[in-house]
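Novice: Structure in structure tokens, see below.
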Amino acid sequence: MDSGAVPTNASNCTDPFTHPSSCSPAPSPSSWVNFSHLEGNLSDPCGPNRTELGGSDRLCPSAGSPSMITAIIIMALYSIVCVVGLFGNFLVMYVIVRYTKMKTATNIYIFNLALADALATSTLPFQSVNYLMGTWPFGTILCKIVISIDYYNMFTSIFTLCTMSVDRYIAVCHPVKALDLRTPRNAKIINICNWILSSAIGLPVMFMATTKYRQGSIDCTLTFSHPTWYWENLLKICVFIFAFIMPILIITVCYGLMILRLKSVRMLSGSKEKDRNLRRITRMVLVVVAVFIVCWTPIHIYVIIKALITIPETTFQTVSWHFCIALGYTNSCLNPVLYAFLDENFKRCFREFCIPTSSTIEQQNSTRIRQNTRDHPSTANTVDRTNHQLENLEAETTPLP
């Protein structure tokens, strides 16, 4: 919204999309945290609490002075999510890149999901500083980057989960077609397409994001054309439809058809081992999708209700909002944990990374030698000829019995 549309009273602190500087910043989990930018900014010390609470600021400390307990809890949450999310998601990406056996179509989609989550958690240090200072000190460029990353994360994640569900449907219900369609190359192309689709919202948001001086602090916020309320609510509704309702319908249809297929046949492929792996991977993807839906449904419902009706002020409402935010946070660091528990290949690769055995080290050295041989064939040929000459010389100089 433009500067003239920025509210100057306490009545907008509680809107999930409004962050006036007169309140203290709310915990902002990956994407919907900064969906507060739909009406507000990053430098709100109590986050989405005042408009939602009917204008009262009794639950919000004054600007720049969050209570010590609140600050400690929120900073601890930021730190845990940031460390676990970055380490876990980068470990997932490393394992997929490092091990040839992990370069399957499903795992390439998982790589895309991990990349989106890692980008989202990388914004938490900026949000932490913003919370403690009660202002945005990083300038306009970083403001644009942080806000756009949040939107990219939300849309790329849900689009990737949709893709994974369709991929599972093809693998289970159309195994013959799957041989041609489910290839790593096609998965990479689809991942790129998902990022391009996400740009339909990510790029406009980047241009809309800006910093504004207000009441002695700097807000990182979105600007909307007049009438502001119309464009704000239109964006909320579009996000609700295209980033929640439609993907959930696609995922539900895919898994409904898969369940019917799995119940109707005992053997999906000609091998019991392949059949077991197929069912295991399908179960893992289903759990990942279910966790995503559980984490994001409350905040989507909350925001769309607030866009349509006025919610009266209650303490329960404030607690509910922060609980929704916390759920959104946890999703960015939960997926690596799910892979570790649900997929034997990921579990084995994680174990090898954390506790390398002698056989693992030998295998890595062997892989490096083979790679060097492919990269430098002339050197390899020279070494082979030298070894052959030494063997001949040794045979010639060895005394006969």
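Yeah, the Cβs are placed from backbone N, Cα and C, and that goes for glycine too.
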Novice: Name the residue among N34, N365 that Swiss-Prot annotates as N-linked glycosylation site.
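Specialist: Per Swiss-Prot, N-linked glycosylation site applies to N34.
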Novice: Per Swiss-Prot, which of C143, C162, C173, C295 is disulfide-bonded to C220?
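Specialist: The record-listed partner cysteine is C143.
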Novice: Of the residue ranges 230-234, 295-299, 335-339, which one carries the motif 'NPxxY' annotation in Swiss-Prot?
Specialist: 335-339
Novice: Given the recorded positions C220, C354, which one is most crowded in terms of C-beta atoms within 10 angstroms?
Specialist: C220
Novice: Let's check the environment of Y169 (phosphotyrosine): how many other CB atoms sit within 10 Å of its CB?
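Specialist: Result for Y169 (phosphotyrosine): 21 other Cβ atoms within 10 Å.
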Novice: Test of understanding: applying the rule of at least three C-beta pairs under 8 Å (pairs 6 or more apart in sequence), is the transmembrane segment (70-94) touching the transmembrane segment (281-307)?
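Specialist: Between the transmembrane segment (70-94) and the transmembrane segment (281-307), which are separate recorded stretches, there is no contact, as judged by 3 or more close Cβ pairs.
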Novice: Which residues, given as numbers and ranges, are at least 6 beyond the ends of the motif 'NPxxY' (335-339) yet have a Cβ under 8 Å from it?
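Specialist: Cβ under 8 Å, 6 or more out: 84, 88-89, 91-92, 110, 113-114, 117, 284, 287-288, 291, 346-347.
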Novice: Look at every Cβ pair spanning the transmembrane segment (232-256) and the transmembrane segment (144-166), keep those 6 or more apart in sequence, and say whether at least 3 of them are under 8 Å.
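Specialist: Contact confirmed: at least 3 Cβ pairs fall under 8 Å.
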Novice: Give the distance between the Cα atoms of Y169 (phosphotyrosine) and C220 (disulfide bond), rounded to the nearest whole Å.
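Specialist: That separation, Cα to Cα, works out to 42 Å.
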Novice: Which residue counts does DSSP yield for the topological domain 'Extracellular' (133-143) in the helix, strand and coil classes, in that order?
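Specialist: So the counts come to 6 helix, 0 strand, 5 coil.
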